[in-house]
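According to TrEMBL, the protein carries these features:
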TRANSMEM  21-42  transmembrane segment
DOMAIN    110-516  domain 'Major facilitator superfamily (MFS) profile'
TRANSMEM  154-171  transmembrane segment
TRANSMEM  178-198  transmembrane segment
TRANSMEM  204-225  transmembrane segment
TRANSMEM  237-258  transmembrane segment
TRANSMEM  264-282  transmembrane segment
TRANSMEM  347-368  transmembrane segment
TRANSMEM  374-395  transmembrane segment
TRANSMEM  402-421  transmembrane segment
TRANSMEM  427-450  transmembrane segment
TRANSMEM  462-482  transmembrane segment
TRANSMEM  488-511  transmembrane segment
Amino acid sequence: MPSFDEVLKEAGEFGRFQKRVFFLLCQTGITFSFLFAGVVFLGQVPDNYWCRIPGAAELSKRCGWSLEEERNFTVVPLGLRNGSSGGECQRLDVVWDTSASCTSPLARSGNRSMGNLPLTACHDNWVYKQPHSSIVSEYNLVCGNAWMLDLSQAILNLGFLAGAFILGYAADRYGRILIYLLSCLGVGICGIIVAFAPNFTVFLIFRFLQGVFGKGTWMTCYVIVTEIVGSDQRIVGIVIQMFFTLGIMILPGIAYLVPTWQGIQLAISLPNFLFLLYYWVVPESPRWLLTRKKGEKALKIMHNIAKHNGKYLSPHYSEITVSNEEVSNPSFLDLVRTPQMRRNTLILMYAWFTSALIYQGLVMRLGIAGGNLYLDFFISGAVELPAALLILVTIDRIGRRLPFGISNIVAGIACLITAFLPEDIPWLKMTVATLGRLGITMAFEIVYLVNTELYPTTLRNFGVSLCSSLCDLGGIIAPFLLFRLAAIWLELPLIIFSILAIVCGVLVLLLPETKGICLPETVEDVEQLS
């Protein structure tokens with residue numbers, strides 16, 4: 001009986017059918033980038049807000065003040081008391097009643113001068129000129145509550161982490177396309193609930209769930225695409241990540257056009273429901289069906305692929321070799337039980353962790369040019385496009401391993417040089433830092449491809465999901481590592497990044513080269529890779 005790769009070659013390794021499925025699933029990269037980076041616009045800190053004095057709302061209504069007039073009565077005296085305060089986190093420790101004067105409401109505050117009025121910390125009752133512009137103004141995530149905004153992103157990354165384990169396992173047990181569709185439905189429903197969450201607790205719960213399902217859509221679509229194309233076309237996984245970058249570039253346009261955070265949240269969540277239409281056009285992975293002893297269904301799908309590709313399967317392709325490896329529920333022990341699998345798993349876990357930590361750290365540190373958030377964010381996405389183009393140019397000529405190692409080493413050296421460049425040459429410092437961003441972006445994109453190619457079909461989705469869960473752990477740690485070390489010395493995080501990247505660059509050179517080889521079907525196939 002022919003192997004799956006032999007049948008795939010006969011049916012067409014990247015014909016019209018695969019191109020259609022590939023293009024459809026690429027859209028998932030756009031919506032996942034919205035979820036991944038949306039907090040930048042959902043959580044914008046308002047430019048103008050202040051703490052309202054008790055009784056001020058009633059007095060303002062009685063006196064017919066505008067918000068600006070109320071602010072003048074509230075904040076200007078506070079500025080006299082403390083010139084550095086803008087009234088955001090402190091207020092005058094007074095209470096206005098209905099008998100207060102409309103022209104001089106502080107006149108009855110004892111005999112104290114304006115500069116000696118007592119102050120108190122503000123715990124609630126903030127006033128925003130645009131109260132629904134972001135989750136910060138919606139849930140009062142300012143002053144002593146500002147850490148809750150960071151918590152919202154940490155919760156999302158925690159959802160990614162849980163999704164990698166739960167849905168990675170489910171996709172290997174119940175099928176790729178089923179879990180993909182359920183994940184799309186989950187992201188859409190949770191996104192709507194997040195937009196209309198009555199309080200911050202509900203917001204966090206469903207943001208976590210949105211992270212769980214979002215990771216399911218991203219990882220599963222990536223595996224489906226990789227499994228239905230031939231070994232020479234597996235770089236399509238890199239192109240999927242170009243759609244992620246495209247999403248990064250589209251997101252600021254959406255945020256610019258939509259004035260409220262609820263509108264932005266709905267705009268980036270609702271498109272996931274369109275992916276449910278893929279039920280009729282995207283088949284189950286035939287590779288996965290073979291591992292579940294469903295050769296008949298796999299062959300039917302292969303005939304359909306051949307038909308759409310204008311090919312014809314020979315009559316002797318009435319059966320496909322079914323994996324003889326015993327099918328069991330995947331576990332972490334399966335990934336470390338044999339020597340080659342163990343080495344691959346540990347190196348890939350470190351590579352995922354390092355890529356995410358350095359990538360997010362450099363993004364937060366660079367901040368591009370400052371000023372216009374929408375333009376800066378667009379530019380930060382555009383910087384990533386050359387990384388994907390460099391990969392596409394080199395990966396089939398040189399292989400996977402060398403670009404993977406070199407990109408990490410270049411990122412590490414660039415971080416090290418940036419740390420010691422003087423501040424009075426900002427253009428050079430920015431250029432070298434951007435080179436580091438380019439290098440780590442290449443490494444981040446290559447690790448997706450290599451990870452998929454180094455696991456057998458029975459463990460592929462679980463292996464990719466488990467290893468990539470270290471990416472989410474890196475994303476959780478990155479801001480804390482960056483800001484804690486920067487408090488000691490501004491450039492210290494870059495030193496740490498450079499060490500991590502260079503070590504990663506050396507380690508990945510120990511992985512087997514996968515250029516031009518068939519995807520391994522069993523653990524034994526992986527052990528034979530050199």
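Here the Cβ of each residue, glycine as well, is placed from N, Cα and C on the backbone.
Here the domain 'Major facilitator superfamily (MFS) profile' (110-516) has a mean pLDDT of 83 out of 100. Within its own chain, the transmembrane segment (264-282) is flanked in space by residues 20-21, 24-25, 27-28, 30-31, 34-35, 38, 41-42, 177, 180-181, 184-185, 187-188, 190-192, 194-195, 210, 217, 224, 251, 254-255, 258, which lie at least six positions past its ends and keep a Cβ under 8 Å from the stretch. Stretch with the most C-beta contacts under 8 angstroms to the transmembrane segment (21-42), considering only 154-171, 178-198, 204-225, 402-421, 427-450: 204-225.
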